[in-house]
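Undergrad: As annotated in Swiss-Prot:
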type     : residues                                     : note
ACT_SITE : 178                                          : active site, proton donor
BINDING  : 10, 11, 12, 13, 14, 15, 34, 74, 98, 122, 258 : NADP(+) binding site
BINDING  : 178, 182, 186, 196, 243, 244, 245, 246       : substrate binding site
């Protein structure tokens, strides 16, 4: 199948970057956005940072038919957008979201769903202006571990766009591994209002992060996955030392976070296995407390 139309469902920071790179590679891209971002995109999309470009883009508030649809909305909006995608032929739907459970929600409404994980860095400097902040890797795959033509097709489009992308047979492991790392970094940085590097530099914060990671490791072990969570948390925090986590940015902007789909998912899975994820639950409740005061 020849891919021509690619849709970005949720053209925020990451969605705008991915969409821009794909459009620059010659594909027709539909940017689905809302509010001030939609109004700004009607005037054009600016990319700065590792790549500089000014693009005229096709943007809309509702999804349309496409060959591939990348879902890049916040996890708490997944169900809402999944219902909208069910009303069109969205093609192969690939989540590039944070947290656990997005793919299962999408699969209730969409014909073909792939899981995805990306470490590319994007920040919205202003509405209609995305900063390409960091190169990374993007992995896509079937949730049941099969290697499929659809996953390879999606990876090929991303590679055409100049991204490092690979179709893999262990996407569920990668989604959980990213969630465990996020669980140890994001809430701590959000509550303490610090950059990622402080999680390893400050011994008090590192003690909490290591405990969160160990609970995640135990849960993943019961799922059949071996993951050295604490080492990975340290590595990611050091590599992104100057970054402000998305959860910190959300709280600073008075917005809801994705904590329910990160620490909340670990707590929930732990309960299934009889593992008490007390530190994850504490961070979950602290972030909930901050959110409720917004």
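Cβ atoms are placed via backbone N, Cα and C, with glycine included.
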Undergrad: Whole-number Å only: compute the distance from the Cα of residue 12 (NADP(+) binding site) to the Cα of residue 246 (substrate binding site).
TA: 12
Undergrad: Reduced to three states, what secondary structure does DSSP give residue 10 (NADP(+) binding site)?
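TA: Reduced to three states, the DSSP call for residue 10 (NADP(+) binding site) is coil.
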Undergrad: At the level of the C-alpha atoms, what whole-angstrom distance separates residue 186 (substrate binding site) and residue 258 (NADP(+) binding site)?
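TA: Answer for this pair: 10 Å between alpha carbons.
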Undergrad: Could you tell me which three-state DSSP class residue 182 (substrate binding site) falls into?
TA: helix
Undergrad: Take the C-alpha atoms of residue 244 (substrate binding site) and residue 258 (NADP(+) binding site) and report the distance between them in angstrom, rounded.
TA: 15
Undergrad: Just checking: which of 10, 14, 34 have a Cα that is within 10 Å of the Cα of residue 182 (substrate binding site), counting only these binding-site residues?
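TA: Those close enough: none at all.
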Undergrad: On a count of neighbouring CB atoms within 10 A, which of the binding-site residues 186, 246 is highest?
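TA: Of the binding-site residues 186, 246, the most buried by Cβ count within 10 Å is 186.
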Undergrad: With a 10 Å radius around each C-beta, find which of these binding-site residues (10, 12) has the fewest other C-beta atoms nearby.
TA: 12
Undergrad: What residues, ordered by sequence, lie under 8 A Cβ-to-Cβ from residue 178 (active site, proton donor) and sit at least six positions away in the same chain?
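TA: Counting only residues 6 or more apart in sequence, the Cβ neighbours of residue 178 (active site, proton donor) under 8 Å are 98, 117.
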